[in-house]
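Participant: So TrEMBL says this about it:
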- A:144-420: domain 'NADH:quinone oxidoreductase/Mrp antiporter transmembrane' (DOMAIN)
- A:6-27: transmembrane segment (TRANSMEM)
- A:39-59: transmembrane segment (TRANSMEM)
- A:90-114: transmembrane segment (TRANSMEM)
- A:126-144: transmembrane segment (TRANSMEM)
- A:150-168: transmembrane segment (TRANSMEM)
- A:180-200: transmembrane segment (TRANSMEM)
- A:220-238: transmembrane segment (TRANSMEM)
- A:259-279: transmembrane segment (TRANSMEM)
- A:285-306: transmembrane segment (TRANSMEM)
- A:343-365: transmembrane segment (TRANSMEM)
- A:430-450: transmembrane segment (TRANSMEM)
- A:499-518: transmembrane segment (TRANSMEM)
Amino acid sequence: MTGTGWLPVALPVALLAVPLLGALGLVVLPHVLRPVLRAYGLVLSGVTLALAALLVATFDYERPASPQFELDVPWIPGLGLRLHLGIDGISLPLVALTALLTFLCFGYLSWGRARAGEFLRARPRALVFTLLVLEVGMIGTFLALDLLLFFVFFEIVLVPMYFLIGIWGGEGRRAASIKFILYTLLGSVVMLLGLLLIWAQTGTFDIEALAAAHGSGMARSVQILAFVAIGIGLAVKTPMWPLHTWLPDAHTEAPTTGSVLLAGVLLKMGTYGFARIAIPVLPEGALAVAPWLGALAVVGIVYGSLACLAQRDLKRMIAYSSVGHMGFVLLGFATLTPTGINGALFANVAHGLITGLLFFLAGAIKDRYHTADMTALGGGLLATLPRLGSVLTFAAVASLGLPGLAGFWGEMLALLGAFRPADGLPRGLFLTYMVIGGLGAVLTAAYFLVMLSRVTHGRPPPLPAEAEAEAVAEPRVVESLAARPVATLAHRDVRPYELLAWTPLVALILLFGLWPGLLLSLTTPAVHTLLGALP
Amino acid sequence: MTTFPLMAVLLPFVAAFAGLLLSRRPHRPPPASSGARAADRQAGTRAAWIAIIPTAVSAALAAWLAWDRGFAFLNNTGSGAPTGHTYGTIITGGIPISLTLQADNLSALLGVLVTLVALAVQVYSVGYLADDPRYPSYSAFISLFTSAMLLVVYAGDLLVLYVGWEIMGLCSYLLIGHWWEDRGNSRAAVKAFLVTRLGDVGFLFGIFVLGSAAGSFRVADVLAKVPEMSQATLVTATLLLLAGVAGKSAQVPLHTWLPDAMAGPTPISALIHAATMVAAGIFIVARLFPAFLAAPPTMDVLAVLAAVGMLGAALAALAQDDLKRVLAYSTVSQLAYMAGGLAAGSDTAAIFHLVTHGAFKALLFLCAGVVIHHVGSNLMTRMGGLRRELPITFTTMTIGLAALMGIPPASGFFSKDAVIAAMDDAVTAGTLTDAAALLLYGCALATVAVTGAYATRAWLRTFFGRARAVPVPLPEPPPGTAHVVDVTEAPRTMLVPVVLLAVPALLLGLAGGLHMEVGVAAVGVVLALLGAGAVYAFWRMDPLADPARLLGPLRAPCEQAFYVDRGYAALFVRPVLALARLVVRTDDTVVDGAVRGSGRTVRGLAGVLRLAQNGNVQLYVSGLLAGVLLIAVGAVVFT
């Protein structure tokens, strides 16, 4: 245990305990909490965010490579399960990102719908409960330093997300949620087998010890087998081509907050697993599988981009764009170089911020137009809703990887890593990956610009109310009067609560884009440590 | 003074954000129904100040940086240590990125060009877009554009340079698409971004090759390591860099975005064509010139591309009816001159031409803006006889066209002479292969004649002959054309920059030192006058008809710019879109189909299993016993 005083130990526990106790409170005291439900979730996630901020503030930046705020106590001795939590330079940004996005989601829900009088229309208590449990799982995944504990948290996340999509989702929510949970559960089972294989070989679940051992004690074939098994589980979550098909459906049907958390945090858990477990614990396995991983990654980049190019639904397009962006992240990991993995971790965080913002925006558009179909939207968003259009332009430009915004550095470093992959990897192959990835970046720009051109440019179509009035041969006065206020309300520009939810994301995208050193100085030492055993 | 480069970059950058966020604050609700327009105007005024003052200060800083150095780069006098500072490094796990901003002889010279043209464009835009409600965002984007170009110019690290390089692409997208109501403008903006980005990917990889060969991304370190690098590395790196250069500087084969970029407001064309964006490509070759010199195959490629580009674009310019497209193709052609000068081994001649071209092309575009503003159309068939109505514009545009043709004593004469002299030398000596050098020299001379022809044609059709202008219905012009004002000459904010730019366009040539080769210069002037004379003769025959008819059967291909756009659409755009649709279909039927199929299979299997769950207790017990038996046998066998 490092440091003195109670703070180092209490912080990670509190990060988990606050949302967990909050969720329990909803079960124990439903009637007391019902009137203050709106503030309740906001306050709890706010406290969690404050704790995360405290974590960021008290983190020892001199040694980001070693886990800090460690807690290591036996939990279920019979299973060898220990409550081993800790934070290093890799997990710190992700924990902060999770706390921030959850808080923004609560803010979006509580402030926004309150004004319109439709706060959390259906089952508000269940929604707050679901989101809090989700937060426990997400933060726990990033804190866990024990394989089994990691798996437990990894699985906890699935259930609330399933309900989030299945209850509060769109038209086809049932099929989408079932597909989501079956797909990811199946992946998790394979991953569990891989984790158990590691345990069977080394006799420990402790990630720290396993990472320090750098795979000693495991034969190469075992490592490869374990890497493939764990990799499949993580790849489903990431998602990696061709295991991605749950994602578009889940994203399209999920409510805005679900999409934001799904893209912003859940996908990161998959890639985080590569950096935390698969690569440091199984270095030889990683070396053997990396060319395949890289190949699937670049296929994902190009495939995702092409799929986006022909997509008509805005949310679906953003979902497919995640496949492409996660391809860059996986390519970075596949290079097994400090540069590439740094890039992967950076792109991870950047994608969380940018795609989170994009889904917020897509949700805002869907709220107003009741559709996310680009042809139905008809264009001219910059004329009808100039601010929303501007923020959408910003987010799209950030997502296509413009330097000076967060999206660029991760992808650039991933490509740079592929230019000179780790010794022992076929260089020519990775050069090919780099070129394909670069072309994928052009395609990424293409689909985002085409989307912007379709949605924000051009002349706006007539308002629905007017169109209706024109369509009816004998317009009845009462109807058109009734329809008009709805239309004008629906077409209001960015509202204050939306601005509050989006501004932090915009600011962070700019900050990390202009000063990438902030994140890179945090991850670089940790990356060097985790790659210790590789040649 | 070491912080001047940083400040020069940061000021317009901050101004861009301030202009976007603060122009409409404090947000006062409009008092009456007519108040929206008043609020727009107030925001516009505020945005104009926010835009102009930082640019002016940046220009002063750039001028200060260039004061001692003067034209040292052109005269090859004094190496002069760069003025600047390193503001820390960003660790990447591999080669670090160093945040260096500095001004050496080359940067200092170009910094002045960039800031002065940007300042002229900002001032001019105040008048040009006086009634545009979106003026605040427009001026903010120009500020960002200026900042990005200054970052390219002053960067001491290749990746920092790349940041500015790409942000320029974004700014060009935003500004070309300024009138986005028109789908055509939107398409042009997307095209500009995508074509340049395609080149930029190559550029980034070129930086990777150079950087990893030198172990550093710092320009100084890279250049110091050039002698140690292998030929293969250098050729690969420079060819990849050339892709980016072709994209940004609109060289064949990535030139197609520039003529379409005319969809933007005219001042933007001036900015893109003169000081930013297209200048960046030539600049980067000059910046890394030792690396290019050490890679002769790259220079041959550059020479051939330049030769093809300069003549083709000049011929295309001769056939265009849109005044701005004439100037656009002229830019492609003139940039090819600079590229040719670089290929011929003279970076000073190329940069000299870049500077004078910056002055006279900015002047030409701003003049064209005045003309378009006056007539309400881009088409030369709608112009004519304007020299009486627009006397000041007529004078300044004449200076600009004279400089473009290379008529002494205008600036273009001297710089073009320097470039052609360099090409002349390259035929006999230098690194170019003979064929490439001869092709380059021949095309350059032919282009001089064609340049004389298209410049004369534009001049005659715009300012002479009978007035053909049809009054445009005021007050609502269609988007895509400037707002028409009913006065004889343009407002003062537009005329002052025009007149001020005419001075360097006329005199800048004298700055480079008067070491010209009389023979080459004489040939150049005679050729230009020949071209001009031919057009004049055709025009005299029938002043109402287009002198472009002298092209004969070549006219249609020239007007279509040799069908390159159609070829690209057929070769790249449509296949990619088809592929995209294919992917969507595949994703639905094959990849997801496999998932759904396995789901059905599982359900089917479950149906089979369900047969076992038939409620027959005897069956259950038999099953149980069978299981126990299996386990027991297994235990015996395997232990």
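The backbone N, Cα and C atoms fix where each Cβ goes, glycine too.
Just so you know, TrEMBL annotations are computer predictions that nobody has curated.
For each feature listed, report its degree of burial, its nearest neighbours and the pertinent distances within the displayed model.
Facilitator: Residues of the same chain lying 6 or more positions beyond the ends of the transmembrane segment (A:39-59) and with a Cβ under 8 Å from any Cβ of it are 7, 11-12, 14-15, 18-19, 22, 26, 33, 68-69, 87, 92, 95-96, 98-100, 102-103, 105-107, 109-110, 128, 131-132, 135, 139.
Note on the transmembrane segment (A:90-114): residues 15, 38-39, 41-42, 45-46, 48-49, 51-53, 55-56, 59, 64, 120-121, 127-128, 131, 134-135, 138-139, 142-143, 256-257, 260-261, 264-265, 268, 272, 275-276, 345, 348-349, 352-353, 356, 360, 495-498, 500-501, 504-505, 508, 519, 522-523, 526-527, 530 of its chain, located 6 or more positions outside it, place their CB under 8 angstroms from a CB of the stretch.
Outside the transmembrane segment (A:126-144) by six or more residues, the chain places 12, 15-16, 19-20, 22-23, 26-27, 37, 40-41, 44-45, 48, 84-87, 91, 94-95, 98-99, 102, 105-106, 109, 120, 150, 152-157, 159-161, 163-164, 167-168, 207, 257, 261, 265-266, 269, 272 with a CB less than 8 A from a CB of the stretch.
Same-chain residues lying 6+ beyond the ends of the transmembrane segment (A:150-168) with a Cβ under 8 Å from its Cβ atoms: 122-123, 126-127, 130-131, 133-134, 136-138, 140-141, 143-144, 174, 176-178, 180-181, 184-185, 188, 191-192, 195, 207, 237, 250, 253-255, 257-258, 261-262, 266, 269, 273, 276-277.
Counting residues 6+ beyond its ends, the transmembrane segment (A:220-238) has Cβ neighbours under 8 Å at 154, 183-184, 186-195, 197-198, 201, 246, 266-267, 269-271, 273-274, 277-278, 282-286, 288-289, 293, 296, 326, 329-330 in the same chain.
Sequence-distant contacts of the transmembrane segment (A:259-279), counting only residues of its own chain at least 6 positions beyond either end whose CB sits under 8 Å from a CB of the stretch, comprise 90-91, 94, 97-98, 101-102, 104-105, 131, 134, 138, 141-142, 147, 150, 154, 157, 161, 164, 191, 195, 207, 227, 230-231, 233-239, 250-251, 285-286, 315, 318-319, 322, 326, 329-330, 333, 336, 341, 344-345, 348-349, 351-353, 355-356, 358-360, 362-363, 527, 530-531.
With a threshold of 8 Å between CB atoms, the same-chain residues lying at least 6 positions outside the transmembrane segment (A:499-518) that come near it are 100, 104-105, 107-108, 111-112, 346, 349-350, 353-354, 356-357, 360-361, 391, 394-395, 398, 403-409.
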Participant: Please identify the stretch among A:6-27, A:180-200, A:430-450 with the greatest number of Cβ pairs below 8 Å relative to the transmembrane segment (A:285-306).
Facilitator: A:430-450
Participant: Determine which residues of the chain contact the transmembrane segment (A:180-200) at the Cβ level, with the cut-off under 8 Å and only residues 6 or more beyond its ends counted.
Facilitator: 80, 147-148, 151, 154-155, 158-159, 161-162, 165, 210, 218, 222, 225-237, 243, 245-246, 249-250, 273, 277, 281-282
